[in-house]
Amino acid sequence: MEYVIEMLNIRKEFPGIVANDDITVQLKKGEIHALLGENGAGKSTLMNVLFGLYQPEKGEIRVNGKKVNITNPNIANDLGIGMVHQHFMLVEPFTVTQNIILGNEPTKKGKIDIKKAEREVQEISDKYGLKVDATARISDITVGMQQRVEILKTLYRGADVLIFDEPTAVLTPQEIHELIEIMQSLIAEGKSIILITHKLKEIMQVCDRCTVIRKGKGIGTVDVADTSVSRLASLMVGRDVVFKTEKKPAEPKETVLKIEKLVVNDSRKISMVKELNLDVRAGEIVGIAGVDGNGQTELVEAITGLRKSESGSIMLKGKNIKNLSPRKVTESGIGHIPQDRHKYGLVLDYPVGENIVLQTYYQKPFSKAAILNYKEIYEKAKEIIEEFDVRTPSEFTKARALSGGNQQKAIIGRELDRSPDLLIAAQPTRGLDVGAIEFIHTRLIEERDKGRAVLLVSFELDEIIDVSDRIAVMFDGKIDAILKPEETNEHELGLLMAGSQVSGAGESNDKE
Amino acid sequence: MTKSNKLFTILIPIISVLLGLIAGAIIMLFSGYNPILGYTALWNGAFGDAFTIGETVRRITPLLLTGLAVAFAFRTGLFNIGAEGQVIVGWLAAVWVGLAVDAPMVIHLPLAILASLAAGALWGFIPGLLKAKLGVHEVIVTIMMNYIALYSVNEIVRSVLTEQETTTDAIAPTASLASEWLQGLTYFSRMHYGIVIALFAAAVMWFIIQRTTAGYELKAVGFNQHASKYAGMNVSKNIILSMVISGAFAGLAGAMEGLGTYGTISIMSGFTNLGFDGIAVALLGANNAFGVVLAAILFGVLKEGAGQMPTGAGVPTELVDIIIALIIFFVASSYIIRWVLLRFKKEGK
Ligand SMILES: Nc1ncnc2c1ncn2[C@@H]1O[C@H](COP(=O)(O)OP(=O)(O)OP(=O)(O)O)[C@@H](O)[C@H]1O
Ligand SMILES: [Mg+2]
């Protein structure tokens, strides 16, 4: 059997934790090989070892059967290994081509030959159907496009093996569809791919084989054709996983959030939310479905005080909270799981413990007379870490060192712990493993049953349909339709999200 | 990571200092001086007798405070190049109050010190405000504020505090930090009570940064403004506050000179360099209050000891500037040291 990459018995330790413990992965030529495991199982670490960012304590790496020593990413590049990181590494003010040639610029008589580079980049883009404009500026293109620039970068440097670390977590369903096509055309050109993803359906759809990692240990490799979603899930978690969260019918009570005729502009002063009306009542979960860029982000920012509203009203339990400061909004009883956890959710250089009190540090018992009480802070942190199963060496570890999914669990724990009257959850399960998603969904429903109002914003239609009691479809800054999850399906939602009116649905917006 | 990181933050300055001294010795050798004699002279210049020890302490005092000023701003994500100007206005304010007010010491001295704090704070407030409200980079504004301080203070000394003279009268004894007792102990060096204030200030910085909710906010804003805003902190307020506190530390350094060492203020032909040296002190002290104390002691010793090198060993004083520059160079290139250390650790395993 011919393997392009073999990682044999790899061990990688961090202080206080063994991230990879005797893991073996073998990649065949021309296959898409999935790497599956819970948050913090050690997938990113393993791939960083392959890419030369970390040195393993034990184990051996072979490329095309030859033992190699990858001590830095340049060596990985030379060996034809490219990596698309979950958090892109692009220079925003530069163009696509400038970003791609950064670090090995082609020169002509000592000057950078940008024209030649642009031609080459465009050629590769066309060959694999990436549809990237080589001269566009990074800051002007969408997240999905930026990811393709990262793919282009690896191809430009001659990668034969591409590592994708959770590429679909930040993409909309349409973009995911396109990415899958791109991966297939890469395979057709003789490349091999390692794909990290938490979405089991994607694995079933595109992958040939799948290696499962649990708590740093390799559990084994299976042929995707011989397995099923539930089998994969239980392999990875070590128990059976329920995919559809059980819940009683909602018992909505008084209105907690009432938004009327709300208008919100983005930073370019273009209206993104246009006279929007929305109610959320105690004891119900309202899911906002919509394609990214239809004003969901601005709506959430306006409610939470991060962005000024132009007109209209936002009433929380009968009190107008429009244009209050974020602190006032938080104090009046709103919890917010932000969409971008690195930008908003965490101070990455603070320990986990100090992140847990990010909104409450100035209150008792975490401080008294402006003096912090670290004992109370870290005790609270420990409590939340335990309750929400945040996998971290300790509460003193910097948030930066946690795996993506565990960072998210810490944020969710913090927001739920304040038991806010209204919980706004924006993409709460982005990047989480199936076990954690199940857990988060259960917690959201529990909050609902305790009589809290929950506003869920998600691009995942599964999640919207599963968890919501009512679904509000947002299109072009307005809520066009409110539907019951049991009376709709992904197809209808998809049409509504694209802006088409489905008969009878358009009316239900005004009154309920 | 955290444990070895802590080890590195301690090891890197120590190794840098050693490398700097070794490099200094090599330079002395190649320039035809005797490094042993040179360093002996340096040692004697700093610790030779009670007088030099007193003078060394006096030199450490303002460096310690400007080091704290730069370190404080740095901990909250700001680069205060303006400590220099803040020292100058603090110095002026302290001397002005020392000259103009007539009151018993319990009122006069604290008042003069407060004036220096307020002046330095104001000089930090302006760049803080511009940064917070208009996004103007603090480095540019603080550099300009340095020049504004230098030339306006010179003009005030010339035309307001004196009649076209270069030095003011001595401040009233009720505003002076000078101590006959300390001078007596040190054969009439200019050592004064300021060192107590400076050490206290270091404790204050540690306390604010590590223990208070204000410090928690300031650091958070320095690390991530978006998350701080999300958490309900007032980002503008914290940027301004950081510059104000930083400026107050530097202003206090001015009071050390004005109320302690000199008791006057003179027209300056150029910068005092206390503020700029503060950047080096903060860097070597890893922006940590305790580290700044140690770094200030080291720089104070080197600078004071340098005075003895020409007479004691024929080595020009500039050599000490080279050594200091090299130490800073090694700290700044700590990446290399870190890399070497990691290599050693690996091999050791
Ligand atoms: N630089 C680091 N320092 C210390 N610990 C680390 C570091 N990087 C990762 N870890 C720890 O190693 C473990 C594995 O992390 P890794 O990022 O590989 O997980 P993952 O499988 O990619 O998870 P996720 O799906 O959440 O991204 C985690 O417990 C994490 O806290
Ligand atoms: Mg990961």
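Quick reminder: no glycine exception, Cβ is built from N, Cα and C everywhere.
Note that the structure is a prediction, hence the values are computed from the model and not measured.
Over in TrEMBL, the protein carries these features:
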| type | residues | note |
| --- | --- | --- |
| TRANSMEM | B:7-30 | transmembrane segment |
| TRANSMEM | B:78-99 | transmembrane segment |
| TRANSMEM | B:105-126 | transmembrane segment |
| TRANSMEM | B:191-209 | transmembrane segment |
| TRANSMEM | B:239-262 | transmembrane segment |
| TRANSMEM | B:274-302 | transmembrane segment |
| TRANSMEM | B:322-341 | transmembrane segment |
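Counting Cβ pairs under 8 Å that are 6 or more residues apart, the transmembrane segment (B:191-209) and the transmembrane segment (B:7-30) reach fewer than 3 and are not in contact. Nonlocal intrachain contacts for the transmembrane segment (B:78-99), taken as residues 6+ away from its ends with a CB within less than 8 angstroms of a stretch CB, comprise 62, 66, 69-70, 72, 108, 111-113, 115-120, 122-124, 127-128, 131, 138-139, 141-143, 145-150, 153, 156-157, 161, 168-169, 171-172, 175-176, 222, 239, 242-243, 246-247, 249-255, 257-259, 263-265, 268, 271-276, 278-279.
Highest Cβ pair count under 8 Å relative to the transmembrane segment (B:322-341), across stretches B:7-30, B:105-126, B:274-302: B:7-30. Proximity of distant same-chain residues to the transmembrane segment (B:105-126), defined by a Cβ-Cβ separation under 8 Å and at least 6 residues beyond the stretch ends, is recorded for 69, 80, 82, 85-87, 89-98, 141, 145, 149, 171-177, 197, 240, 243-255, 258-259.
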